[in-house]
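The block underneath contains the structure these notes are about, expressed in structure tokens.
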Amino acid sequence: MSKKFLTILAGLLLVVSSFFLSVSPAAAANATVKMGSDSGALVFEPSTVTIKAGEEVKWVNNKLSPHNIVFAADGVDADTAAKLSHKGLAFAAGESFTSTFTEPGTYTYYCEPHRGAGMVGKVVVE
């Protein structure tokens, strides 16, 4: 192999490898909760998630819409509960909501249309 070929090859490898170092992956939710089970039950799956302060939870509409997430004001102040809540209804499969939790504590939430059916969950923030 010629010296020129090796120099070009080394340069190409350097350029290509720099792309992998400079591209950061998109931030993902630290926990994902299905709104409605795969079998169609009116539940959050899992019903309790544990995360660290500063992390986020993503709720994804799975089955039997519409769903939303409303945080109860017990154990957290009403302003925080309102900021974390997503009262708009998700109708389409795959539609999602995300909330970031900055303070440690236990946060209870429910699906407004299905609360009476027991669609309630918890986020524990350490």
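Sequential numbering from 1, following the chain as shown.
Backbone N, Cα and C atoms are what each Cβ position is placed from, and that goes for glycine too.
Residues annotated as Cu cation binding site in Swiss-Prot, with experimental evidence given as evidence: H67, C111, H114, M119. The secondary structure of H67 (Cu cation binding site), as reduced to three states from DSSP, is extended strand.
According to Swiss-Prot, the domain 'Plastocyanin-like' annotation covers 29-126.
Residues or ranges marked as signal peptide in Swiss-Prot: 1-28.
The domain 'Plastocyanin-like' (29-126): residue composition by secondary structure is 13 helix, 44 strand, 41 coil, according to DSSP. For H67 (Cu cation binding site), the same-chain residues 6+ apart in sequence whose C-beta sits under 8 angstroms from its C-beta are M35, G36, W59, N61, L89, A90, C111, P113, H114, M119. Sitting within 8 Å of the Cβ centre of H67, C111, H114, M119, and not among those site residues for Cu cation, are the Cβ atoms of M35, G36, L42, F44, N68, Y110, E112, P113, R115, A117.
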